[in-house]
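Enquirer: The structure is given below, and queries will be raised subsequently.
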Amino acid sequence: MGCCAGSRWRLLGSEGEETVPEPRPPLSDHQGVHWKNAVGFWLLGLCNNFSYVVMLSAAHDILSHERSPGNQSHVDPGPTPNPHNSSSRFDCNSVSTAAVLLADILPTLVIKLLAPLGLHLLPYSPRVLLSGVCAAGSFILVAFSHSVGTSLCGVVLASISSGLGEVTFLSLTAFYPRAVISWWSSGTGGAGLLGALSYLGLTQAGLSPQHTLLSMLGIPALLLASYFLLLTSPEPQDPGGAEEAETAARQPLINTEVPGSKPGSSSSLSLQERWTVFKGLLWYIIPLVVVYFAEYFINQGLFELLFFRNTSLSHAQQYRWYQMLYQAGVFASRSSLRCCRIRFTWALALLQCLNLAFLLADVWFSFLPSIYLIFLIILYEGLLGGAAYVNTFHNIALETRDEHREFAMAVACISDTLGISLSGLLALPLHDFLCHLS
């Protein structure tokens, strides 16, 4: 049962007592356990990132209108819109969608920065429970909000849920076969696609944004069910096959053995050893920071400004389509690990920076004649970002020793959040500058 697993996921308690290995189950049972864990981690990835994605998809709506007491939602057509900058050649909100991005990412950044220092002292089950409660609270608070400020508080709850969940579940993969990283990554990509698509589809179908958000309250419940009821207790790892051979052929990030360290327990690592692990991870952390900086500078800094007037889509609809196509690309590439593996993620960082430069030039000079060209570029942008994410964590899993892997995963997941935070901070002044151009 998942509840029993919750107490065993610490594997090594604060006293350092080791659990006694259980006899290996029959092959059919082993296959069943494999698929339960695979589906479990896919669902955890889906549910963990869902609220985060929905808040970004709703960013333009959140900032476009404020709710008045008699209306269903602050993003319904009835309320009086916030003032737009009518003197600009861009159709700008008074506040950049990067403000929603920052509310959606800065709490995550704080959690991820502090996590390697002491989060391992808190068992996994309370962390997962808190993550689910915050996700549900975010949907409710934004749905019933009367103002942009209250809505941003709801976005902060979504950020806490996503950040705490990501660092928890990525650390948890250290106690399972490495294949679950691929399933987790695919699930997070699925969250992007399904989250953006569901918000786009339900609002396009005429459902009010308030009811759209409230209809998503089943997602936090699914997250809790996946963790407590679906995942099985971790067992001694035996990756086997081609993956074991590949792991043996790769140069470990940490070459020194530390006497007395216990596999699977990050709490046993000394500060010096943590620093050594961190330095070894920089080869993968820096490219992922660059990739996420470039793509979220595009998403929250440029999407709102890539407005085509020669199309039947409204500005809000264009923004939702951009988000959905980006997430479709992310989902495809995060699910591609079995057929395409990339070790040198620096190449992905370079290509994403070229993407940013090209779209920034189009915002300034407006030389692309059709929104469909933008659609293709945004899909490509998502493919690059998703590939960088899944290959980074796969490479780290292969190149770190088992006793370092839990800590390494917790540290590496700071990369995307740091890049996103930097992009949001720079996108705000860029928005103000461009929107004041006549």
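Counting begins at 1 with the first residue displayed.
Quick reminder: no glycine exception, Cβ is built from N, Cα and C everywhere.
Curation plays no part in TrEMBL annotations; they are all automatic predictions.
Quick paste of what TrEMBL says about this protein:
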- 67-89: region 'Disordered' (REGION)
- 39-59: transmembrane segment (TRANSMEM)
- 98-122: transmembrane segment (TRANSMEM)
- 128-145: transmembrane segment (TRANSMEM)
- 181-200: transmembrane segment (TRANSMEM)
- 212-230: transmembrane segment (TRANSMEM)
- 281-298: transmembrane segment (TRANSMEM)
- 344-365: transmembrane segment (TRANSMEM)
- 371-394: transmembrane segment (TRANSMEM)
- 406-428: transmembrane segment (TRANSMEM)
Enquirer: Hey, which of 39-59, 212-230, 281-298, 371-394 has the most Cβ-Cβ pairs under 8 Å against the transmembrane segment (406-428)?
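Expert: Result: 281-298.
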Enquirer: Please determine whether the transmembrane segment (281-298) and the transmembrane segment (39-59) are in contact (criterion: at least three Cβ-Cβ distances under 8 Å, sequence separation 6 or more).
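Expert: They do not touch: fewer than three Cβ pairs between the two stretches lie under 8 Å.
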Enquirer: Do the transmembrane segment (39-59) and the transmembrane segment (212-230) share at least 3 Cβ pairs under 8 Å, sequence separation 6 or more?
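Expert: Yes, the transmembrane segment (39-59) contacts the transmembrane segment (212-230).
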Enquirer: Under an 8 Å Cβ to Cβ limit, what residues of the same chain, 6 or more beyond the ends of the transmembrane segment (181-200), are close to it?
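Expert: For the transmembrane segment (181-200), the far contacts come to 37-39, 41-54, 57-58, 169-170, 173, 212, 216, 320-321, 323-324, 326-328, 330-335, 337-338, 382, 386, 389-390, 393-394, 397.
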Enquirer: Which residues of the chain, 6 or more past the ends of the transmembrane segment (212-230), have a CB below 8 A from one of its CBs?
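Expert: Cβ under 8 Å, 6 or more out: 1-3, 6, 36, 39-40, 43-44, 46-48, 50-51, 54, 58, 125, 128-129, 131-133, 135-136, 139-140, 142-143, 161, 165, 198-199, 202-203.
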